[in-house]
There are 2 protein chains.
Amino acid sequence: MIGVFDSGVGGLTVIKEIFKELPGYQIIYFGDTARLPYGTKGADFVKKYSLKISQWLLQRGAKVIVIACHTSSAWASESLKKQFAGIPIFEMINPGVKEAVKITKNKKIGIIGTPGTIKSGAWEKKLLELEPNLKIYSKSCPLFVPLVEEGWINKEITREIIEEYLEEFKNRGVDTLVLACTHYPILEKIIKKEIGPKIKIVNPARSLVKELKLFLKNNPKIVSQVKKGRNHQFFFSDQPYNLEKISHFCLNKKIKPIIKDPF
Amino acid sequence: MIGVFDSGVGGLTVIKEIFKELPGYQIIYFGDTARLPYGTKGADFVKKYSLKISQWLLQRGAKVIVIACHTSSAWASESLKKQFAGIPIFEMINPGVKEAVKITKNKKIGIIGTPGTIKSGAWEKKLLELEPNLKIYSKSCPLFVPLVEEGWINKEITREIIEEYLEEFKNRGVDTLVLACTHYPILEKIIKKEIGPKIKIVNPARSLVKELKLFLKNNPKIVSQVKKGRNHQFFFSDQPYNLEKISHFCLNKKIKPIIKDPF
């Protein structure tokens, strides 16, 4: 079983990529809706709950942990790797960093995310470790998550808010833009339209799942594939808001949430 | 001391009214930023933390509890009154309900709030108990809180979002609109401009503080006034986002947050 967690429903954009690329695997998902959003929380808080959730997923049979939350990836992935040595742990930042560095030609990269992710500086740090000559422009876009949660995907207002947030990236001449929040891929099409064809988009969910796919191919014994009767489980620590809409946008189908707060 | 709590910084709109109407009293404020927003959480969760926070405020010397959060007012005020019998507890709904019923002439009332408050149906229920012949139109406006938290108060986009959400109230001919979320009074001016002069606005923070003022006048021994050297305390369970902007909008000054999660 692949264990995936996020602060809420945004991680379903990662599930979307897993369903597409790794259809033979069973998923156990935990969305910490009781404590969302992580993006405005402190590092200690995010670390504490990321550890608790990972422990819980492992107890329930997960053999691999996917941190589908950017804030957790930024602040908790090192602690998790230490705490659960030997368990393969995948997070959103390293795969996206590698992809962004591979894609950029003019070495100007834009990053958008929640305030927590941007404030953490984790993306800048990792990008510069890999390629010290980058120029990086970061910006938090706190309205994107509620826009997605409201289901306002194709509205004119959404386009205007995207324009308001992203205009500066065009002016600064970035050629690569990283969507450093799990919800943002739901806005990918309209973001793409707004920023134009010259700026390439990195969706770290896709980058992560590419790495996960390669890992599972090279290590086929760690997680077994299930031929028939896959029983994906979607846990949420509190009733998720607008789940039906979001799961429709991400997965094109309904999912049956199990409401349970084990903490 | 007057104990005031909210899920975050929105309760500062209540503090604004207290500072205006009751300048002689000392405030202890708790904003549960570690667990915000309450608006999308379940009733049990909101009840549990409202109880814990009230207990904590009382332990620290509060003699009166003000529930500055609409979701807590809807779901937790009855439990709090039972649990802390003898302690004066003020909440946002009853005072606002009385004021709305007093103001409306055509008996058509609009309510806007977070999904949690609207879903609870608490406002409709209380309004209809007091005046069964009302026509009530409720709507959740999940983007208003992040707009305020982002500090986008006077932007054209904000006006457009307000228009999008509130147009139906004009069409339906309501003559009274209740701002059933603590953040919304920060948008009051622009909401007023958008809905026009025919619709009167009820700001429950004002209604509550009017009642609190009367109560303290009639019961002068319960909370003592402090003539000099008032030491207001503003606790938050996690670093609040954009506090400087919000406190500027609400109080026209900075406040010094104390970050502490006692739970």
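Quick reminder: no glycine exception, Cβ is built from N, Cα and C everywhere.
According to DSSP, B:HIS183 (substrate binding site) sits in a coil region rather than a helix or strand. The annotation substrate binding site is assigned in TrEMBL to B:ASP6, B:SER7, B:TYR38, B:GLY39, B:THR182, B:HIS183.
TrEMBL lists B:CYS69 (among others) with the feature active site, proton donor/acceptor. Long-range Cβ proximity for B:CYS69 (active site, proton donor/acceptor), meaning a same-chain Cβ under 8 A and a gap of 6 or more residues, is found for B:PHE5, B:ASP6, B:SER7, B:GLY10, B:GLY11, B:TYR38, B:SER50, B:MET92, B:THR182.
Long-range Cβ contacts of B:CYS181 (active site, proton donor/acceptor) within its own chain (separation 6+, distance under 8 Å): B:GLY10, B:GLY39, B:HIS70, B:ILE112, B:GLY113, B:THR114, B:THR117, B:CYS141, B:PHE144, B:VAL145. Residues or ranges marked as active site, proton donor/acceptor in TrEMBL: B:CYS181 (among others).
The DSSP secondary structure for B:TYR38 (substrate binding site) is coil. In the three-state DSSP reading, B:ASP6 (substrate binding site) counts as strand. Binding-site extent for substrate: residues B:ASP6, B:SER7, B:TYR38, B:GLY39, B:THR182, B:HIS183, maximum pairwise Cα distance 13 Å (rounded to the nearest whole number).
Every protein chain shown contributes to the tally, and the Cβ of B:SER7 (substrate binding site) ends up with 31 other Cβ atoms within 10 Å. The record gives B:ASP6, B:SER7, B:TYR38, B:GLY39, B:THR182, B:HIS183 for substrate. Within 8 Å of the mean position of their Cβ atoms, the other Cβ atoms in that chain belong to B:GLY8, B:GLY10, B:GLY11, B:LEU36, B:PRO37, B:ALA68, B:CYS69, B:HIS70, B:THR71, B:SER72, B:THR114, B:VAL145, B:CYS181. Following the DSSP three-state reduction, the secondary structure of B:CYS69 (active site, proton donor/acceptor) is coil. All protein chains included, B:ASP6 (substrate binding site) registers 30 other Cβ atoms within 10 Å of its own Cβ.
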